Amino acid sequence: MARKSDIPSSYYGEPRNFDPTFRGPVHNRSCTDVVCCVIFVIVILGYIALGTVAWIHGDPRKVVYPTDSHGQFCGQQGTPNANKAILFYFNILQCANPAVLINLQCPTTQLCVSKCPDRFATYLDMQYNYRYNKSYWEYYKQFCKPGFDNPKKPVAQVLRDEDCPSMIVPSRPFLQRCFPDFITRNGTLTVANQTNFKDGVGKTRSVIDLRDAANGITSLLDAKEVGMKIFEDYASSWYWILIGLVITMVVSLLFILLLRFTAGVLLWLIIFGVITAVGYGIWHCYWEFSTLRGKPDADVTISDIGFQTDFRVYLQLSQTWLVFMISLSVIEAIIVIMLIFLRRRVRIAIALLKEGSKAIGYIMSTLFYPIITFFLLAICIAYWAVTAVFLASSGEAVYKVMSTQPNCMYANFTCNPETFSQTNVTKVCPGSQCTFAFYGGESLYHRYIFVLQLCNLLVFLWLVNFTIALGQCTLAGAFASYYWALKKPNDIPACPLFSSFSRAIRYHTGSLAFGSLILAVVQMFRIVLEYLDHKLKGAHNAFARFLLCCLKCCFWCLEHFIKFMNRNAYIMIAIYGKNFCTSAKDAFFLLMRNVVRVAVLDKVTDFLLFLGKLLISGSVGVLAFFFFTRKIPVIQEEVPSLNYYWVPLLTVIFGSYLVAHGFFNVYAMCVDTLFLCFLVDLETNTGSAARPYYMSSTLRSILNKKNSKRKRRR
C-alpha cells in the first residue's frame, strides 16, 4: 500500500501540484502581470502630469491667506495690499448670522489693513469730531475703502455704499484677521475695559454680541497660547524624547530576540492565567449566588423588574449571578476543550514564533526596512497633500450674493461686483453684498476639479498600498531564503533582503500594483460611504441609514479579507514568482487546507505581539513619567523645565508604540512567511534523502517527522 506522502498532491484535490524539486525562492523568474505594470507606470506619469497642471493653475495662498471682498490677497507683494496683511470686517456683528455657516463667508465688506483698530469709534462720532480735529478722520479712513476721502459725505450714503464701517472696535490680529480684543476681568467679559459700545446706527450693544459674532475666537486665542507653550516644551525636551524612542528601539529588538527563549513560557502563562481568572470568576459568581439565594428580595427574576438604567439593581438578584456563572462555565469549558484538542497546533505556533526570532537574528537588516517604507509613505502623503491644495486653489475669483436676510431669493447667487450696484438685488434684499466666495471657473479643467480630486485620492491610496505591498513582498522573500536554507545559517544567501527587494521591483511590480489597486478601490468605496453617512446623519430615513450601515459593515469586512489575502499572496509571489491571481489562489487553498492551524497561529501571534507592544510602550511610558515629574533623584537636575509635562510624556508613549509596532510588524511578517513555507514544506517533502524537510528540528519533533540521513560513500 502506498503511503500518503507518496501519493501526488493533486489526489487530495489541491489547487496545484507543488514542484517536488522546489528548494527555496525561485531565482529564474519572468515578469508577472505586465499589463498592470504598464498601466501602473502610465498612471504614475499621469499623476505627475496632474500635479504639474495643478501647480500651474493653483496658488496655495488662496487657501492659506485671507482674501478681501475683491478676491485680493492681504499682504500680496506687487499689489496695493502689499503692506496690508490683515483682514478687517466692516461689521463683525454680521458674522453671527447663520449665513456664515452656510456660505463660509461673513456677509459684510472685508478689507485688507495694515493694523487692527485699537479703540472704540463710530462714523457718526468721527464726523462730529472732524470739525474740530482733522486727526479723527486720518485715523478712521485707514479702515475705509481705498481712495475714499470725503468725510463730509452724508452718513446714510456712506453706509449704503459701504465706503466706511459704521463702527470700529479694539481688535487684535489672529490668523491674519482682526477680532475683538476680549479680556475677562473678575469674571466679566470686556473689550478695552468696556462691556457696552455703540454700533454706529444709534444702538447700544453688549460685548456679548461681539463674542457671539466671533464665536469660538476666545477659545482659539487660548489655544494659540497653549500651542506656544507646547512648542516651548518640545524645544526644551526633544532630545529626551529621542532618547526615549531609542530606548524603545533597543527594548523592542531585545524582546524579539528573546522570544525564542520566552515565547513558550509566556504563552502558556497567559493561557493558564486566563483559565485561572475565569475559574475565579465562576467561584465568585457561585458565592454571590449562594449568598443572595436565601434573601426574599433577591429571588425576583430579571424579566419581572424589566429594564433598569441603574445596572446595580441587577447585581442584587441571584438570577443575575446564576447567568454569569453559567456563561463563565461555558467559556471555561470551551477554552479547556480547545486547549486539549489544539495543543499540538499551539505548540507549532510557539515553535514558529521562536523560529521567527531566529530568522530575524540572522537577517538583522530586516528590522530597519520599515525606515524605507516610512520614507516612501512620507513622499506619497506629501505629494498627495500638495496636489490637493493646488487643485483646491485653482481658478478665478467667484463672487456670491451674501445677504443678512434669511429669505432673500438671490442669496448665494453668482454676481459681478462691478455691476452689482446697478441690479435690483439690493432693492429686493436690502443690505446684501456681492462678496468674494471662492476660486473656481467655467473651463473644462475647473468644471472637473472635484473629479480630479477623487483621482488624486484614488492614486494616493494605490501608491500607499503599493508601498506597503513592496515591503511585505521584500520581507517575505528574505525570510523565505532563511527557511529554505537546509543548513542554517551557512546556506542562507548573501544579502537576502537586497536580493528580495531587487526581485520584487524587477519582476513583480505589476503583481504588487494589481493587488494594491484592488485594495485601493475598496478603500475608495469605504471613503465614499463614510462621506454619505456624514451627509445623512440628520436624515430621518431609517431604511437608507440601515442600508448604508450594512454597506459600511460589508466593505469593512471585505477590506480586511483582501488585506489578509494580499499579504499571503505577496508571500507566495516572493517564493514562487507567479502572477498575483495564481499566487492568491494558491495561498487561499493552502490556508484552507490548514484552516485550524491558520486560526491558532493568527490569534496567538496577534495576541503575543499586542502584549509586547503594550508592555514596551507602557514600560517606557512609566519611565518617562518618573523622569519628567522629577521622581528619579539621580538625574533630577537634568529634567528640563516644562509648562506641561504630559506633552513629552504622551509623545514618548505614542512614539514608543509606533516604533514597537514597526519592529513587530516585521516579526509578524516573518512568522507568516515561515508558516506558509512550513505548510509548503509539509506538502512537497517527505523527509527522504532526496526530499528532506526544511523545517526546524523542533517542528519535526512536534509532528513526529524525521529526515533520513544520507549514506556516506566509501
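For all residues, glycine too, the Cβ spot is worked out from N, Cα and C.
Quick look at what TrEMBL lists:
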| type | residues | note |
| --- | --- | --- |
| TRANSMEM | 34-56 | transmembrane segment |
| TRANSMEM | 238-258 | transmembrane segment |
| TRANSMEM | 265-283 | transmembrane segment |
| TRANSMEM | 321-342 | transmembrane segment |
| TRANSMEM | 362-386 | transmembrane segment |
| TRANSMEM | 459-486 | transmembrane segment |
| TRANSMEM | 507-529 | transmembrane segment |
| TRANSMEM | 541-558 | transmembrane segment |
| TRANSMEM | 607-629 | transmembrane segment |
| TRANSMEM | 641-660 | transmembrane segment |
* Asked: For the transmembrane segment (34-56) and the transmembrane segment (607-629), does the number of C-beta pairs under 8 Å, pairs 6 or more apart in sequence, reach 3 or more?
  -> no
Same-chain residues at least 6 beyond the ends of the transmembrane segment (641-660) with CB under 8 Å of its CB atoms are 229-230, 232-234, 236-237, 240-241, 244-245, 248-249, 252, 612-613, 616-618, 620-621, 624-625, 628-629
In the same chain, residues at least 6 away from the ends of the transmembrane segment (265-283) whose Cβ sits under 8 Å of its Cβ atoms read 259, 324-325, 328-329, 331-332, 335-336, 339, 346, 349-350, 353, 604, 607-608, 611
